[in-house]
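Asks: Take this structure first; my questions come after.
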Amino acid sequence: MSFKNFTQKNSHKIAPYIFIAPNIIVFMVFMIIPILFTFYIGMTEWSILGTPEFTGLNNYERMFSDPVFWRSLVNTFYYTAGTVPFSVFLGLLGAVLLNQKKIPFRPFFRAVFFAPVVVSMVAAGLIWTWIFNPNYGLANIIYSYFNVESVNWLSTPELAMPALILTTLWLRIGYSLVIYLAGLQAVPGELYEAAEIDGANTWQKFWKITIPMVKPTTTFVAIMEVIHGFMVFDLIYVMTNGGPGFSTTVIVQYIYQKAFTEGEMGYASTLATAFFFIILLLTLIQLRMGREK
């Protein structure tokens with residue numbers, strides 16, 4: 001069989017691969033190859049300027065004995081645990097309220113709650129750094145009216161992370177709220193009407209109808225917020241730069257510090273590899289929950 005006849009006979013099979021080839025090439029160049037390169041660099045000692053020197057698993061041994069790595073991992077979990085439950089709960093609560101037809105100006109309130117979502121993390125970080133400023137920040141101005149001593153939020157190890165969590169909630173609640181609104185509007189109104197006929201009160205309708213019906217939405221929102229919590233960097237970099245000390249250093253910020261501040265690209269790649277598998281695990285959990293749904 002000639003090449004021409006083979007092409008004509010199998011053109012319907014080849015055509016789809018031709019159309020997706022550009023996407024595959026882009027994916028390989030900008031995703032797969034950099035990931036494999038990071039795996040390799042993670043097993044070397046490299047300061048960018050010199051030649052990578054292969055060291056095997058030395059960087060991984062160093063990582064497991066690095067107290068700052070473990071501190072950054074604990075801080076990442078602390079930050080995530082402090083943002084996810086409140087973002088999910090307050091987003092659901094706000095969505096339930098704004099889904100009530102008797103609430104006036106609902107489009108306005110939706111826009112107000114969603115507005116922080118479109119604000120860049122850097123801009124939000126600068127705004128909230130001013131709010132928490134101990135000398136002329138808005139928070140301490142309010143404290144002064146109640147004769148409360150000013151608080152240096154971002155320079156106090158015990159308060160810096162709660163301040164970051166509060167800032168993140170201001171940024172993220174609107175996202176959860178909008179997703180929940182979409183989920184609530186898909187709940188059939190007949191369910192609530194039937195519950196009212198059966199004598200169910202507001203709390204019973206919320207607990208027996210709303211919560212079960214938005215369970216897939218809750219799963220999606222929670223997983224997205226967890227992934228966001230693990231990937232946070234710019235907000236912390238702008239507001240605290242990981243300080244005071246290492247009290248707000250998270251895993252991504254620590255990777256950045258090792259790579260671009262201290263020039264330890266090999267060790268930074270090792271940390272990035274560990275972080276990659278953490279995110280991969282979260283993604284697999286999301287896919288599994290999606291299939292179960």
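Along the chain as shown, the residues are counted starting at 1.
The backbone N, Cα and C atoms fix where each Cβ goes, and this holds for glycine too.
Source: prediction; values computed, not measured.
The annotation domain 'ABC transmembrane type-1' is assigned in TrEMBL to 73-286. What TrEMBL records for 20-43, 77-99, 111-131, 159-182, 218-239, 266-287 is transmembrane segment.
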Asks: Out of 20-43, 77-99, 111-131, 218-239, 266-287, what stretch is closest in contact terms to the transmembrane segment (159-182), meaning most Cβ pairs under 8 angstroms?
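Replies: By Cβ pairs under 8 Å, 77-99 leads among 20-43, 77-99, 111-131, 218-239, 266-287.
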Asks: Please report, as numbers and ranges, the same-chain residues at least 6 past the borders of the transmembrane segment (218-239) whose CB is under 8 Å from any CB of it.
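Replies: Sequence-distant neighbours of the transmembrane segment (218-239): 76, 79-80, 83-84, 87-88, 91-92, 121-122, 124-126, 128-129, 132, 154, 163-164, 167-168, 171-172, 175-176, 179-180, 248-253, 256, 275, 278-279, 282-283, 285-286, 289, 293.
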Asks: In terms of Cβ proximity under 8 Å, which residues at least six beyond the ends of the transmembrane segment (266-287) contact it?
Replies: 35, 38-39, 41-46, 52, 55, 59-60, 62-63, 69, 223, 226-227, 230-231, 251-252, 254-256, 258-259
